[in-house]
Amino acid sequence: MDRIIEKLDRGWWIVSHEQKLWLPAGELPHGDAEQFDLVGQPALKIGEWQGDAVWLIQQNRRQDMGSVRQVMDLDAGLFQLAGRGVQLAEFYRSHKFCGYCGHAMHPSKTEWALLCSHCRERYYPQIAPCIIVAIRRDDSILLAQHVRHRNGIHTVLAGFVEVGETLEQTVAREVMEESGIKVKNLRYVTSQPWPFPMSLMTAFMADYDSGDIVIDPKELLEANWYRYDDLPLLPPPGTVARRLIEDTVAMCRADYEV
């Protein structure tokens, strides 16, 4: 899986360090290795896109290192591969030594894992499961402005799964903790790998059951019910949050625009 890049190699280049991505001219590099001065670098093939290899190179470039968020407008499959590269690079960087015996680790030749040749321990990338849920009440959807997003964007509620919790229990707990309401009729919609830093978003839709909105001020600046045709600033297209909102709007239109 790991080899030295040669002059004739070409493809998509995920050059990553400390959760950053090399984006010359603001774009994901695509082309010949020589064009980007990558010949001789150790690389890992992490997939293919449109017939070309996708290579991961763990390297810090002096300029043009940016966030993977800057390539969110790429096709979903390529964005997913870019996210995979950033997450794998961070995994390899943060697991250089075995947590049990302290000896150096080396990558597996057959899977995304690191191995300890001293105590035989095996490590895999840690993925944090999260829930994200759109809640509908009649012709309205619950949207909130998060403390960490002070740019006016309103979105649906989300949170991390705790140890020993089912996804359904997480939805009920997170919604109650952040907004003070109860939900019913929970339906799974989709999932999305989310490399910020190493999450897997599991998306749901639900209906309002009971309770008044009482926000957790440590998490939210405000939350309210918004009619489907009068919405505030929303998350960008390509995010699972935006899909949930648009799906809820579509259902409201079907019910209220006869």
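Numbers here mean position along the shown chain, with the first residue as 1.
Cβ atoms are placed via backbone N, Cα and C, with glycine included.
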Can you match one of Ala25, Ala33, Ala241 to the substrate site that Swiss-Prot gives for Arg69, Glu111, Tyr124, Gln192, Pro193, Trp194, Pro195, Phe196, Pro197, Met198, Ser199? Ala241
Could you look at Glu162, Glu219, Glu222 and say which one Swiss-Prot places alongside Glu174, Glu178 in the divalent metal cation 3 site? Glu219
Listed alongside Glu178, Glu219 for divalent metal cation 1 in Swiss-Prot, from Ala158, Ala203, Ala206, is Ala158
When each of the binding-site residues Glu174, Glu178, Glu219 is scored by other CB atoms within 10 A, the minimum falls on Glu219
Of the binding-site residues Cys98, Cys116, Ala158, Glu219, the one whose Cα sits nearest to the Cα of Pro193 (substrate binding site) is Ala158
Check: same-chain CB within 8 A of divalent metal cation 1 site center, minus Ala158, Glu178, Glu219: Ala144, His146, Leu157, Gly159, Glu174, Glu177, Ser179, Asp216, Leu220
For Glu174 (divalent metal cation 3 binding site) and Ala158 (divalent metal cation 1 binding site), what Cα-Cα distance in Å is obtained after rounding to a whole number? 7
Site with most surrounding Cβ atoms, counting all protein chains shown within 10 Å, from the binding-site residues Cys101, Cys116, Ala158: Ala158
Which one is it: of the binding-site residues Tyr124, Ala158, Glu178, whose Cα lies the shortest distance from the Cα of Cys101 (Zn(2+) binding site)? Tyr124
